[in-house]
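Here is what TrEMBL records for this protein:
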type	residues	note
REPEAT	55-96	repeat 'WD'
REPEAT	97-138	repeat 'WD'
REPEAT	139-180	repeat 'WD'
REPEAT	181-222	repeat 'WD'
REPEAT	266-306	repeat 'WD'
Amino acid sequence: MSDASRMIAAIDNTPIQTTSTFSNSSKLSQALTLHKTTRTIKPTYHPPWKLVRVISGHLGWVRSVAVEPGNQWFATGAGDRVIKIWDLASGELKLSLTGHISTVRGLAVSSRHPYLFSCGEDKMVKCWDLEANKVIRHYHGHLSGVYSLSLHPTLDVLVTAGRDASARVWDMRTKAQIHVLAGHTSTVADVKCQESDPQVITGSMDSTVRLWDLAAGKTLTTLTHHKKSVRALAIHPTEYSFASGSAGGNNIKKWKCPEGTFTFNFSGHNAIINTLSVNAEGVFFSGADNGTLTLWDYNTGTAFQNMDDIPQPGSLEAEAGVFCSTFDMTGTRLITGGADKTIKVYAEQSQ
């Protein structure tokens, strides 16, 4: 007999299983499946964070913050219409840039050029040359306040968004408007760019999140899960996923790219979420309008720390409220800006 026919004969000779073993094995597999679904993934341990520095200097609400790619300094923009540049290590003021005539709502530092980009409620989008400390370009087109700005990581493109319900894509060098990303029906509160599709993500007061085809200037997907205005977005630096924060309900959601597949809700921070940030280690931060802060494990959605933004005394109406946040380039410091006109720096506590 050949090997093949021997195998067939062997298969044929296997006894037919009785029904009892069948039902037992299906019971077992059911039990195993149940066990699989009920067992939760343990969150990664993250050490607690603590407030290490409070920086004063702005005369209005601090609405925007950005760290430069070399991690030496960071910039803030505020209701006093000034952009301030601070030394990251010492917290000392290095420079004040004036030119906006209303609140500075968005900032970004280029990793490819010595440029700082800013946008504000004065409809202006500016490009500052940091070697000459002056504005070298304006991007004209928004019909109302510009609330957010993001630089594409690999192209000389910037995307701005604002109260005119549009996001606009600009050629950084020629100042030409490449696309108007139209579709939202209310203020676009936040915009983020990434290298892979969807290269642009927007969150709007119309309570939707849109994923955009940058080349075509068209919506790829509209996510309608949020019930209230979406004010904040955060893209994970390496994971190809993002989170969105809104003003109520299941207010913080995690999504997978490229389709924008809903992953889960971060539950427990019941407030109007103004800002979200996430670092490469999976520490995820949410800051709210009432001054509450939550730190989460990004992978599991488990909160590991709740804090209150303590308003600094000195302003007539010392207000709580976190408006903007960013991790530094190492992910070991978190910088926030708030309604008490200060900038707060948090750091991971060493063991």
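Just so it is clear, glycine is given a Cβ too, placed from its N, Cα and C backbone atoms.
Across the repeat 'WD' (266-306), DSSP helix (H, G, I), strand (E, B) and coil residues number 0 helix, 24 strand, 17 coil.
Here the repeat 'WD' (139-180) has Cβ contacts under 8 Å with residues 102, 105-108, 110-113, 115, 117-127, 186-195, 199-200, 202, 204, 206, 212, 214, 217 of the same chain, all six or more residues outside its ends. Across the repeat 'WD' (139-180), mean pLDDT in this model comes to 98. As a summary of secondary structure, the repeat 'WD' (139-180) carries 0 helix, 21 strand, 21 coil according to DSSP.
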